[in-house]
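All remarks here apply to the structure that follows.
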Amino acid sequence: MRSGASAPLAMTDTGHGIQAFARRQVGRLVGAGMFLAVAFGVASLATWNVADPSFSHATNNTVTNAMGYAGAVFSDLAMQFFGLAAVAALVPAVIWGYLLFSARGVDRLPKRGLFWFGFALLAAAIAGCIVPPKTWPLPTGLGGVFGDMVLKIPGVLIGGYPTGLIASVLAVLLAGPTLWLFAFGSALIGRKNGFAVMEEPAAADPREDDLLFDNEEDEGDEGILALGAITHWWLSLRAWMHRRAVRRRQERDEYEPEMEPRASAWRRAAERVESAEFAEQRMSPGGRARVEPEFFAAMVNDRSVSVDPDDDDIFDRDDEDMDFDDEPVAQRRAAPAAKVQQFRSDAATRVEAPAPRPAPGARVQREAQTSLIGSDKFEMPSLHFLSEPKNVARDPSLSKDALEQNARLLEGVLEDFGVKGEIIAVRPGPVVTLYELEPAPGIKSSRVIGLSDDIARSMSAIACRVAVVPGRNAIGIELPNAKRETVYLREIMASRDFETTKAKLALALGKTINGEAVIVDIAKMPHVLVAGTTGSGKSVAINTMILSLLYRLTPQECRLIMIDPKMLELSVYDGIPHLLTPVVTDPKKAVVALKWTVREMEDRYRKMSKVGVRNIDGFNARVQLAEKKGEKISRTVQTGFDRQTGEAIYETEDLDLEPMPYIVVIIDEMADLMMVAGKDIEGAVQRLAQMARAAGIHVIMATQRPSVDVITGTIKANFPTRISFQVTSKIDSRTILGEQGAEQLLGMGDMLYMAGGGRIQRVHGPFVSDDEVEKIVGHLKLQGVPEYLDAITEDDDEDDDEPSGKGAGSGGGGGGNFEDSDDPYDQAVAVVLRDGKASTSYIQRRLGIGYNRAASIIEKMEKEGIVGPANHAGKREILVPTEDDKF
């Protein structure tokens, strides 16, 4: 006998006697052991629970398997690798056990074991062709990992996982080889005497060995011939189908004109639809598509099989059924689109529904009922002054099927540029639709962001903005809708969110991509920098911010200072009671107004320090509480020391304070102001931006020239909240936001809102017309006359802080001209009485004299009783009335 052959396990030529008896008993023991092993496997598989602890599932749950932890591990491994075919894989073990227990034996163990394993693989593949039910808990198919591995091979040939009719045909084709492998692996065929009891020969016959050798070769040749015949039949069938596809394409080209430029993208979309139908049918209970094993993922994903969208039915038709003359060309062109639209029609899980319209608040119902009783109080503007949103029919391009189709097409475009990934969510909105891309491992975000122009061109879109979604492993691709919806200010003003917001200075900014209302608080920002080109919606956004304040706050709660060098945008608000001064149009007076605002900020801080509060809200609450109780706010201050005892002298000072309103400074065009007085403007804006928040003073600054000479680094550092409308270049976008993206906006109110911390959000600003603004302004003018402060634009204190030196200019007030007096002492007394400051260094700076002479003058003033002695801090009290005290 040749060395490669294996003798039967229990029937070897050992002769009669004790040795043969022992071999038979060992065979029976092995057969009984196989019966027990099969019983263990069947019981384990019958009580298999995916939640049991195993090698692939670490948990502290109690084992529910009938065979304990060992049964849970075995059943989990068997179901993971073979699926339902694990039960069929145990059948050959039963037959082996029967043959061994009955002393018939199993010859050629290695070969039959290999065929047994092959039978298990094909059985798993046949099980994988069956569509799993929704309750199937594993990410693989019914054939397990091995079944999916085998199905990957025909999947490469046909361009996707076998589904439907193809899967049925493939299962039938695999049935023959599977039965043959089962029969040979189970020792049902290829045995010398079948199931007959083999009699032990009396002596070894050399001719019998030769006969067995020949039989083995014949059996091996039969197996090879069978496999060769099956392979030849399969290749012939595939070649026939390929020839039919080529012939159909040639016949279609004779009647159909040249395909559109986007036909290649449609073909790729149809190909992905074909390959995804199998995944669509295999959905787990949680709604997530099954995850295919990674063994052949690279092989399938990297394939370059060209699938024509009209070749879907080549396996179902004969040549006689194909009549291109009777079928219109338009219908054949529409076939890919129809198939893509039909895909996921029932389970479009990644397409989210748009946000509902904001719920109306109670104010709408109150204003709907006209009051017959007049009121002397300040009456807020009515919502009826604003235009109602129009009930526009929903854009059909935003249906689930259309959005799913666009998502598939976008995946194809990204794949063309070498970006692999999956669109995991689609969020439609009033203006744009957000497609969230989950890139494959190794794909850089910067690479995808740099493809924004190419994506817009390939998708036939006006613009495309690409940005990373914060806090998620996704990249957002924003594409404009075919039909843009208009966001109306009334829709946000009348919403319950705007009415019930706790924001002190609420601004109706617009809507997000999903259609949700965006309401921000300028008191927390605390300042806003707005930039954008002409026509981008910047001025309309300024109007919506102003109207947001006018609809919620009275003149006692909020006052406005408007600076409009263009003399067009904000002049319509001139005369409303909320203004502290008429709309400033002169750039020089704008500088004076900003300096007054700085002085007002400092004065407010002095008042708050006297009361002992830290912000305007605490100050107003303290004053209102005192008014409610009928008390006066007072404080105890140290006025000096007793000359005899040296003890400190304290006095009680009554403070006559009133609640302070918020002040919002609105600068419509910063570029014009920077051209006239850049340093003064920048210094005043810097001080306001750094310190004015606690004083209740906030700045809204807009510019249409977002360059570095207008938006300097100092201004950017103190304006953490910025809004960018459409700009002309990436450089301008980086100047405003620190990153690109604003150049891809659509204009007409489309903006990027960057809150503190660098979080950027795309917002669609509401629209308000000039007629609506004029109606609201006309109503406000009827409520009262504005109380202007002339000091805001008066330039009488411009040179107060400049050192005069010798021959300095006029000091203003009652100080007169120092050059008119030759005595420095008289000049020093005039300075002290006018400015209320008495110190050696101050006199030295104001008169331009030396330190020793200034010290002598201060000592002379002390002797004459004009100033008091210096305290522990070096400050002196002025004992005679100053000019401020006279008035």
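Just so you know, glycine gets a Cβ as well, placed from its N, Cα and C.
What Swiss-Prot records for 30-50, 81-101, 113-133, 141-161, 164-184 is transmembrane segment. Per Swiss-Prot, the feature topological domain 'Cytoplasmic' maps to 185-887; the stated evidence is sequence analysis. What Swiss-Prot lists as domain 'FtsK' is 515-734, and the listing cites sequence analysis. Taken from Swiss-Prot, the feature ATP binding site covers Gly535, Ser536, Gly537, Lys538, Ser539, Val540. Feature annotation from Swiss-Prot assigns region 'Disordered' to 794-823. The annotation compositional bias 'Gly residues' is assigned in Swiss-Prot to 806-817.
Structure with Swiss-Prot features highlighted.
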residue : record           : contacts (Cβ under 8 Å, 6+ apart)
Gly535  : ATP binding site : Gly747
Ser536  : ATP binding site : Phe725, Gln726, Val727, Leu745, Gly747, Met748, Asp750
Gly537  : ATP binding site : Phe725, Gln726, Gly747, Met748, Gly749, Asp750, Met751, Gly765
Lys538  : ATP binding site : Val530, Ala531, Gly532, Ala702, Gln704, Phe725
Ser539  : ATP binding site : Glu569, Asp668, Ala702
Val540  : ATP binding site : Gly749, Gly765, Phe767, Val768
Beyond Gly535, Ser536, Gly537, Lys538, Ser539, Val540, what residues of that chain have CB atoms within 8 A of the centre of the ATP site's CB atoms?
Gly532, Thr534, Ala541, Phe725, Gly747, Met748, Gly749
Going by DSSP, is Val540 (ATP binding site) part of a helix, a strand, or coil?
helix
